[in-house]
């Protein structure tokens, strides 16, 4: 049996979208009465290729005119307004004031906040545009030949390509995903950084040895040469032992 305290706690929880399972962002209601985030239902229809309610399965022959739920919408706006902008975040290209972008459009070559992204979910024409996660330099992420997202890497030609390039100009080449290539690059860079740090540490150790010899009153150059000869002899013995 639910206690009054528990019931109040449940009632005070903010309503959630059943698609993203998070608090509503730009909530919009369907003709059947069910409500979803505008971005969630738009993406759901784009992927499923059909305008249907995810809950009651009501089918709409054409994309319906979505109505914003004013009550939920006000709460979502307040939540967005409380979130501070972080350094380096991509901003909406159409906001007169600073608002963070939530999606980038490959076709429009622009980034949009939740409010300015609405037409891409409401319009059938704009709904065909490819929306991707927000990227800072959008022009550099789009193929100039085919206008698609650069999401593959051609190892044969050492260049980033799109899905169309993989089936045309780069057909038959050694092609992998950009994320896989990025992982390989990170591993190589990490190894090179480690080797560089080792070289720096060895140099610093030698500098300290020279400084110590100099303070001892001896001839630094002669002491350095003797020390290097001893080190080479030790390395040669170690190499012989390994063989």
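Glycine residues also receive a Cβ, built from the backbone N, Cα and C atoms like all the rest.
Listed in TrEMBL for this protein:
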type: COMPBIAS; residues: 226-236; note: compositional bias 'Polar residues'
type: DOMAIN; residues: 17-57; note: domain 'RING-type'
type: DOMAIN; residues: 138-178; note: domain 'B box-type'
type: REGION; residues: 218-243; note: region 'Disordered'
*What average pLDDT does the predicted model assign to the domain 'RING-type' (17-57)?*
82
*For the domain 'RING-type' (17-57), what does DSSP give as the number of helix, strand and coil residues?*
11 helix, 8 strand, 22 coil
*Take the domain 'B box-type' (138-178) and count its residues per DSSP category (helix H/G/I, strand E/B, coil), listing them in that order.*
10 helix, 11 strand, 20 coil
